[in-house]
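Listed in TrEMBL:
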- 34-41, 170-173, V199, 207-210: ATP binding site (BINDING)
- H41: active site, proton donor (ACT_SITE)
- Q65: beta-alanine binding site (BINDING)
- Q65, Q176: (R)-pantoate binding site (BINDING)
Amino acid sequence: MSIQLVTTVAGLHTESARLLKAKQGTSQGLVPTMGALHEGHAALARTAVENNDVVVASIFVNPLQFGDAADLDRYPRTLDADLALLEEQGVDLAFAPSVEEVYPGGEPLVRITSGRLGEKWEGASRPGHFDGALTVVAKLLHYGMPAAGLPAGSAGTAGGSLPSYRAYFGQKDAQQLALVQRMAADLNFPVEIVGVPTVRADDGLALSSRNRFLSDDERDAALVLSRALRLLEERANAHEPLDLDSALAMVESQPLVELDYFDVVDPGTLEPLAENCRETPFRGEALALIAAKVGPVRLIDNVPLSS
Ligand code: PAF
């Protein structure tokens, strides 16, 4: 079946309800994106398609989460290619609204606040970014809710219960994923938030819509990020001390890479685990986070550590 494109919230509700009914579906998945899709997004879409009867992917470049107007302007817009990629994964509906459709009254006066969890790491370098991202994610989660388009009084599925609802986010944006999970839990959103593992190029670089802005030299230099993370992963797997300082020195020795942060943190709170990552053998669960500017591009990456 070919993918359907809708651009209004009303169209999304009508079509997703129609599809759920036609398929006698019991579950709906949402894949929020900003377009410029790559194999990482394809993995999100595939996971959603494998686990839900109806899958909606949204494509919306959210002005609220860009601090810099130039960055917003140059964000790649590739709708035709995006639709083709989503269709290949079996996505049913693409929702690509205009800015006016999402923010009909202009920028919202009331927003989601990401709190302490959103102020560190990416939040420290990009003030307001996570408030903007969470605000649109909250709206998208509401738009994509499976019962939203069903007639009033309808119980939903044939069995009478409401369809289950899942939304898919990449683990590459670890802080965003942690924040969306907290938002859904803290504010009782009726949705399961699913994290999907990072997809990497053969040389280890984490896929990102921004990689296309790297020159060949910058791309080579950027590989030090995933190499340094892999080093920590190998040490954790071998129950060795992580020796974060030596991994840090490796990144700092690359002249084209301007390191922002590199640390090992608790996966839930994102607080640094300073004591556990230097001389003593690593034990437990953690996340190694890294961010750097390479040429014109800010790159982030992370790996889960477990020992
Ligand atoms: O990760 C992204 O692409 C965006 O931050 C999201 C979740 C689609 C919200 O605009």
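Cβ coordinates are placed from backbone N, Cα and C, and glycine is handled just like the others.
Note: TrEMBL annotation is automatic and uncurated.
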Going by Cα-Cα distance, which of the recorded positions (H41, Q65, Q176) sits nearest to S209 (ATP binding site)?
H41
Candidate with sparsest Cβ neighbourhood (10 Å radius) among L37, V199, the listed binding-site residues:
V199
In sequence order, those binding-site residues of M34, G40, Q171, V199 whose CB lies under 6 Å from ligand 1:
M34
Rounded to a whole angstrom, what is the C-alpha distance between H41 (active site, proton donor) and Q65 (beta-alanine binding site)?
19
Can you tell me whether DSSP puts L37 (ATP binding site) in helix, strand or coil?
coil
List, in sequence order, the same-chain residues at least six positions removed whose CB sits under 8 Å from that of Q65 (beta-alanine binding site)?
G128, H129, F130, G132, A133, V136
Just the number: how many Å between the Cα atoms of L37 (ATP binding site) and Q176 ((R)-pantoate binding site)?
18
Determine, to the nearest whole angstrom, how far the Cα atom of M34 (ATP binding site) is from the Cα atom of Q176 ((R)-pantoate binding site).
14
So M34 (ATP binding site), by the Cβ count within 10 Å over all chains shown, scores 20
When DSSP is mapped onto helix/strand/coil, what comes out for Q176 ((R)-pantoate binding site)?
helix
Looking only at C-alpha atoms, tell me how far V199 (ATP binding site) is from Q176 ((R)-pantoate binding site), rounded to the nearest Å.
16
Among Q176, S209, the one of these binding-site residues whose Cβ has the fewest neighbouring Cβ atoms within 10 Å
S209
Using the alpha carbons only, what distance in Å do you get between G40 (ATP binding site) and Q176 ((R)-pantoate binding site) once rounded?
15
